[in-house]
């Protein structure tokens, strides 16, 4: 009886699983991809009307002191500690913003929604968020807009009409191109590689993997994807998974992509401890401090990342400009303090810039 | 089965509930002083909406813990049912109302499997549900291939985002089920059997109670209600994800235990669970409104959990199970 | 759970083999499962049994086995600790902070162990003397430790660890130190639990506290000591965990407490108290690590990985139940 039930459940699961569409690479999402040109010519810019939301009956906040709450995916991790630092920097510089960061202790859609809901009730002027899920967060953000609160996202977007602006650290296809190009350069055009990601349900990582698959198929068709493994946001698990990949494929494995700032240093450590430096290339998203030992030892050639401190800084500046009314729907750029003018793209997104590539020559200059 | 131990435990439990109720009033009073936005009707109703999923699962969990068992797989069942709701409707083209019923039926089936492993194979509930925690979450991940299903019709959102007579829809469901659960536990043979199984399983067997059937029904109910919570959750957040409900089991168990249900079995009430639930939610919300951050709030909840049980133990030194 | 009362440990009169088989039934099943797994997967994918992969399996998961030793003692004594994952996160952060602050490395290794013992002693006192069920105390402690850690660090990573601090990367006779820790601590704990009066009292307290009290065991003091010893193992595990890489995350490792508890109970420690050995829990920790590794080698779709793990846990548990049925 029990065995039958389990068997039935398993068969059922397999069947319904197969019924879903398959992506090229495990871990990518199913959304349409838009790979950049191989030689780096920027894609045709399609101008798009403002598609963000508008707060209802927002009071005039121009020049007045505002309270802002920042609700990242989760608190207590290095990446969002860095964005918080940037938000505080901008708040201090602006002088008329009272900003604090609060959020769930695990990347959980339910808890994040509860936090935002509580802050709507407590009556803040502005909300900054990094969404755990673009759709799940939308109802509560719309509620915030309806309460006259200014809402700006960063790092991970929500559906556009649920927020006013989104500060985009780098476009998905841009990141994908940087990563794949770096891997092709370091490991060779016919390299076989594997991917270590956080979880398959993390939207940004899933998007990057899908864009990477599309870009590799277009521009580096001989590169061979072997597999994608999950490692949560856990550095010891990332290390174990990367070590297993190295042991499994032996000489066949020429490169490992780290899709998170946790996975990349852990993969580099796995390659170092396996004495495979120089034989297995590590390319990925990471923060400079964690990567310094590997870059200085030449085990890792280059690290791709935007500066998360700048990202938080820009998000705060954009929120202030929105509250002041200086950033209106239809604007083409926004002044963001020390970062200068930032471009508005894709209707209601503000682009932080191109992804930055750290290497041995410049990694020492960064401290985050 | 003699009635003597039952009535004394009920008495000692009313004592715990009294302590808890006093604590709740105190907490509500202090929080209302801290923020004038806390004790308002819209905020309290909204909090009711937010706590419904945990609250629903806490009801059958109270039965489970009273029998001396535990069910760690409820969060995973929630995730699996949420995914299946999306798959049934979106991928297999089943009409949404039928898909909702099917998802709940799958939840019940998951609970039944738990119950069978526990009763037929005599696996301790903690281990059995630890295994199915991984298994059901695994099915959710495997079936969904990490894809979300979105774009539900508007009528579906009434369940999770709508209101009936000014009160969130799901809160009505929770209140109705809480009353049913309370009545079943207090006034029916099944309720008495639940206490008897938890107080002394061997004695319950000898006094003619069908222990296995009782447990089987309770674990099935836990699965069924987790499925229902999944449907409401999907309706509230308008999407399905395979990681939904991760860690819910700890929130549920915290509420039930705070409500005075003994982890050793044999004692506990639905009223206690509801008070425990409201206390946790009031703390989470009220502390946030008075400017305490999330990390501080979970420290406070941890302390309250320990101190509440401590206080109740000090008042009834015999009640240590 | 009537057959639980029938001890699987009773001496069989039919010779040494069956005596071992009945005393170490679960351990033998898991050992057989490990051997079978290595044989089958090694045949399909020869690299699985290569020395480097075996080292990876042992090294990467030794801290789980070490923590499971203490957890097994707690569970054998009839209690549980669901806060152990948070505790390891806190202790690893304390250790790394001290190392970076320039204290001698032995201080950075020792302080987390002492702090771990202090915290679990508090848990022990609340459980033994104040009589709050251990799951309640540790559920509360989980929140307190996790919230406290985030408040204190904000999740800032600890980098620039001094090389001589990284004890988990040391080798002795060519074997990485985590393997030594795992093996020596397991064997020492197993012998200690069998051959000393205190070790045996752990089983007595878990099996029947009232009988233990009648037999002259100070149940409360013993319980506090068991929790303190558990804290020591958690501290050692935290140091191994912290020194494995060159970065410490200052967070609570996700689901670590579930992994550790699963290793203990699948290793044959009865959740009802009174039976089980730490050898079983260490073998179970190795088995899980090997399963995780083998699924990658066997190209099981990563999407289905967790359900396969769940099925395997279930299979192990059911096999154990079937065996106990036969014995009783």
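Using the three backbone atoms N, Cα and C, a Cβ is placed for every residue, glycine included.
Here TrEMBL flags C:28-48 (among others) as transmembrane segment.
TrEMBL lists C:54-75 (among others) with the feature transmembrane segment. For the transmembrane segment (C:54-75), the residues of the chain that approach it from at least six positions outside its boundaries are 81, 84, 88, 134, 168, 176, 178-179, 181-182, 185-186, 189, 193, 202, 206, 226-227, 229-234, 236-238, 240-241, 244, 256, 259-261, 263-265, 267, 269-271, 273, 276-278, 280-282, 284-286, 288-290, 293, judged by C-beta separation under 8 angstroms.
Per TrEMBL, the feature transmembrane segment maps to C:82-101 (among others).
If you look up TrEMBL, you'll see C:107-129 (among others) marked as transmembrane segment.
Per TrEMBL, transmembrane segment is recorded for C:136-158 (among others).
Here TrEMBL flags C:170-192 (among others) as transmembrane segment.
According to TrEMBL, the transmembrane segment annotation covers C:223-243 (among others).
Cβ atoms under 8 Å from those of the transmembrane segment (C:255-272) belong to residues 1, 4, 25-27, 30, 64-65, 67-68, 71-72, 75-76, 78, 80-86, 88-89, 142, 278-285, 287-288, 313, 316-317, 320 of the same chain, restricted to positions at least 6 beyond its ends. The transmembrane segment feature in TrEMBL is assigned to C:255-272 (among others).
Below 8 angstroms of C-beta separation, residues 24, 26-27, 30-31, 33-34, 37-38, 41, 44-45, 47-48, 53, 56-58, 60-61, 64-65, 68-69, 71-72, 182, 186-187, 190, 259, 262-264, 266-269, 305, 308-309, 312, 316 of the same chain, each at least six residues beyond the ends of the transmembrane segment (C:279-297), sit close to that stretch. What TrEMBL records for C:279-297 (among others) is transmembrane segment.
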Problem set entry | Chain residues in Cβ proximity to the transmembrane segment (C:223-243) (below 8 Å; excluding those fewer than six residues from its ends, i.e. six or more beyond) | 62-64, 66-67, 69-71, 73-74, 77, 79, 81, 84, 87-93, 95-96, 109, 112-121, 123-125, 127-129, 161, 165-169, 178, 181, 185, 198, 202, 205, 253
Exercise. Do at least three C-beta pairs under 8 angstroms join the transmembrane segment (C:136-158) to the transmembrane segment (C:82-101), pairs 6 or more apart in sequence?
Worked result: yes
Seminar exercise, completed: Same-chain residues at least 6 beyond the ends of the transmembrane segment (C:170-192) with CB under 8 Å of its CB atoms are 55, 58-59, 62-63, 65-66, 69, 73, 199, 233, 236, 240, 244, 277-279, 282
